[in-house]
């Protein structure tokens, strides 16, 4: 790793860990997610996430930015949607509200897990922790109107006319299985926390 690669404020240990995680992603990519980064500055990673099938985001490609600080992995990266999206858990400036990047963060989680959680958020939004109050309210009170808004934003901001890719039933099944596994992990963490609190 060159000096330039370390000039972004990350220690050699963090740079090595990120390099390993990115290598693992390269060898075992996630269906529907493409990752790009500058090898000389891996403190910022971009991911293009295909909107999951049978959601208002289907047909769109959403660019997400992960910024890693010198506190990683003690603290999670900062996540933003670069592509505009109408979603309860994404603010108008792109900030992502998901527990994995907040209170449920654990140092043993990696980039792959983070990206899976973000993609799962497109399948299963959480209106109870809404950053976009309008989207959260519509999701709770009028799903059809919420879906109409989300589809419109997807068409305007996230649809690439050239080189569109389609997701097969097999790929979609894999994505849903990945999402289910991620959600099960999140639920297990919540149960573990509740058990710990009861002991106190």
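Glycine is treated like the rest: Cβ placed from N, Cα and C.
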Can you dig out which of the ranges 133-166, 167-200 TrEMBL describes as region 'Disordered'? 167-200
Return the residues near residue 97 (active site, glycyl thioester intermediate) by Cβ distance under 8 Å, restricted to its own chain and a separation of at least 6 in sequence. 89, 90, 91, 129, 130, 131
Integer mean pLDDT for the domain 'UBC core' (13-159): 95
